[in-house]
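Trainee: Would you mind keeping the following structure in view while I ask a few things?
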Amino acid sequence: MPSAFQFQCHLLLIFLAASKGETRYLEVRDAGEDDPFLLLSEDLKRELSAGQIYRRSLRCIDMLSIEGQFTFTADQPQLHCATFFIGEPEELITIDYDFVNIDCQGGDLLKVFDGWILKGEKFPSSFDHPLTTSQRYVDFCESGNIQKSIRSSQNVAMIFFRIQQPGNGFTVTVKKSSNLFPCNVISQTPSGRFTMVIPHQHRNCSFSIIYPVVIKISDLILGHLNGLFLKKPSAGCAGVGDFVELLGGAGLDPSKMFPLADLCHSFHGSAQMKIGCDNTVLRMVSSGKHINRVTFEYHQLDLQETETRKENSIEEFCFPSI
């Protein structure tokens, strides 16, 4: 099973290739000391768990999945930089500014975004986030000392920055906190198991897996109220306030993905689907009137599985982007 480190490298390479207009089929070589990410050893994990603060420098394009203090210092004009932060599904990310030395008047830029943006597509989508798009940006050059600490609404966040003067830069401390009811999530790995619960909240929640996968739903409870299951319409999910949909696509934004299946009836058992898209999303729509819950597991789809049809399984393959 690919590690979280391999996932991070895979995603970053996709981002870099997409920004250059290159193909998505990339060969990922073994990581070395100069690669953008650090594969944590067991010794380092033990040291960090003992209370030590992890520190390292940031690169212009970087990704972090660990708490610590991180510093970027420009050695030359850096015009298009971003750092992606990701936690476990049940974690929120807090970014604290410790030190900032940039020239806002001269055109430097330092912004935190609540979520991720790749090629203009957002996660969570504008339909699934509690804030408007403009509210999801926190611009240091506008807020200054007013807001030195920013917390994400889900397990991902990012920083955009542009620093033109060599020697200028910033230092941030990244911390994680528990999220009792995770809503919008990007998975760190191509395999896993997760239970999503929405307790009497009018919101939409998406679980995103940036891989072709086999996804199996083992338990779905919709319209659960005071121990009773409410009867659902017999035809489709039209007009139903609570349902689950499976989406697939080549981008990051669930609202721009292909609808593959709708589930609007509670069941206990197994419903499996093969989704051969770059990105697979399980999205729960909740009216807020009930307690909704879905349990599912997933693993990366391989070539052999695309050729083998299993019982109680529907094969779906995405069309190339136009």
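In case you wondered, yes, glycine gets a Cβ from its N, Cα and C as well.
In case it's useful when we look at the structure, here is the feature table from TrEMBL:
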type: SIGNAL; residues: 1-21; note: signal peptide
type: DOMAIN; residues: 52-177; note: domain 'Corticotropin-releasing factor binding protein N-terminal'
type: DISULFID; residues: CYS60-CYS81; note: disulfide bond
type: DISULFID; residues: CYS104-CYS141; note: disulfide bond
type: DISULFID; residues: CYS183-CYS205; note: disulfide bond
type: DOMAIN; residues: 185-306; note: domain 'Corticotropin-releasing factor binding protein C-terminal'
type: DISULFID; residues: CYS237-CYS264; note: disulfide bond
type: DISULFID; residues: CYS277-CYS318; note: disulfide bond
Trainee: With a 10 Å radius around each C-beta, find which of these disulfide-bonded residues (CYS60, CYS205, CYS277) has the fewest other C-beta atoms nearby.
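Mentor: Per-residue Cβ counts within 10 Å for the disulfide-bonded residues CYS60, CYS205, CYS277 bottom out at CYS60.
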Trainee: May I have the DSSP-based helix, strand and coil counts for the residues of the domain 'Corticotropin-releasing factor binding protein C-terminal' (185-306)?
Mentor: 7 helix, 70 strand, 45 coil
Trainee: Let me spell it out: for each of the disulfide-bonded residues (CYS104, CYS141, CYS183, CYS237), count the other Cβ atoms within 10 Å of that residue's Cβ, using every protein chain shown. Which one has the most?
Mentor: CYS183
Trainee: Compare the Cα of CYS183 (disulfide bond) against each of the disulfide-bonded residues CYS60, CYS141, CYS264 and report the nearest.
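Mentor: Smallest Cα separation from CYS183 (disulfide bond) among CYS60, CYS141, CYS264: CYS264.
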Trainee: Let me check the 10 A CB neighbour count of CYS81 (disulfide bond). How many other CB atoms are there?
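Mentor: There are 19 such Cβ atoms around CYS81 (disulfide bond).
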Trainee: List the helix, strand and coil residue totals of the domain 'Corticotropin-releasing factor binding protein N-terminal' (52-177) as derived from DSSP.
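Mentor: Per-class counts: 10 helix, 67 strand, 49 coil.
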Trainee: With every protein chain in view, how many other Cβ atoms are within 10 Å of the Cβ of CYS264 (disulfide bond)?
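Mentor: I count 21 other Cβ atoms within 10 Å of it.
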Trainee: Quick check: of the disulfide-bonded residues listed here (CYS60, CYS237, CYS277), which one has the Cα closest to that of CYS104 (disulfide bond)?
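Mentor: Comparing Cα positions, the candidate nearest CYS104 (disulfide bond) turns out to be CYS60.
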Trainee: In whole Å, how far is CYS81 (disulfide bond) from CYS205 (disulfide bond) when you measure between their Cα atoms?
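Mentor: Cα-Cα, rounded: 29 Å.
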Trainee: Based on Cα distances to CYS141 (disulfide bond), point out the closest of the disulfide-bonded residues CYS81, CYS264, CYS277.
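Mentor: Going through CYS81, CYS264, CYS277 one by one, the closest to CYS141 (disulfide bond) is CYS81.
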Trainee: Out of CYS237, CYS264, CYS277, point to the one nearest CYS60 (disulfide bond) in space (Cα versus Cα); all of them are disulfide-bonded residues in the record.
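Mentor: Given the candidates CYS237, CYS264, CYS277, the nearest one is CYS277.
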Trainee: Expressed to the nearest Å, what is the distance separating CYS264 (disulfide bond) and CYS277 (disulfide bond) at their Cα atoms?
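Mentor: Answer for this pair: 23 Å between alpha carbons.
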Trainee: For CYS237 (disulfide bond) and CYS81 (disulfide bond), what Cα-Cα distance in Å is obtained after rounding to a whole number?
Mentor: 43
Trainee: Across the domain 'Corticotropin-releasing factor binding protein N-terminal' (52-177), what does the pLDDT come to on average, as a whole number?
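Mentor: Its mean pLDDT is 93.
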